[in-house]
Amino acid sequence: MDNLKEFIKICHYLYDRKYVVGSGGNVSIKKDNLIYVTPTDSLLGFINEEDIAVVDMDGNIIKGAPTSELYMHLNIYKKRNGVNAIVHTHSLYSTALPMADKEIKLLTPESRIFLKKIGYVDYFEARSMELANEVSKKDEDVIVLKNHGIVCVGKNLMDAYLKTEVMEEISQLNYIIHSL
């Protein structure tokens, strides 16, 4: 699949920019009713094409060991037409501000254009069906998971990645403003 090279590149970008650390975060794309997803407990900065897990839309494993957040990905794909990629990170500022009960405001033209509106989900245990169900109820393309991280969805992987970058930048700006 041609998109796997881009998939790996995006995973490495996320790791290099510290949007994910350790084995946190995960990425997936949907193609022809198959989900290509990062493996469980993987370091995104070091994965290669052979590591990518593949599942069908019912969660049946075709190849590899998918992320423990698989059901969050599956639920989003099932409920959101037009979503073909998901990026879930534990980006520092995007995670920290909501922990301190600070709102992340869309302060720049770029953030208003690309993010439009931010969704929020209360804290649910990571890897839980409750979290998967709550996230999939949201219709925003950027969703803050309280005390956990963010989920960005897009029509393709570059779109979801762009939203991740813009979200972290606007979160950094919000942090600076809250600090003044």
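Just so you know, glycine gets a Cβ as well, placed from its N, Cα and C.
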Same-site Zn(2+) binder from H12, H148, given that Swiss-Prot records E69, H88, H90: H148
Inter-residue C-alpha distance, H148 (Zn(2+) binding site) and G25 (substrate binding site) (nearest angstrom): 10
Nonlocal neighbours by CB distance (under 8 Å) for T67 (substrate binding site), same chain, sequence gap 6 or more: N26, S28, V37, T38, P39, T40, S42, A53, H73
Rounded Cα separation (Å) that holds between S68 (substrate binding site) and H88 (Zn(2+) binding site): 12
Residue pair E69 (Zn(2+) binding site), D41 (substrate binding site) - Cα distance, angstrom, rounded: 10
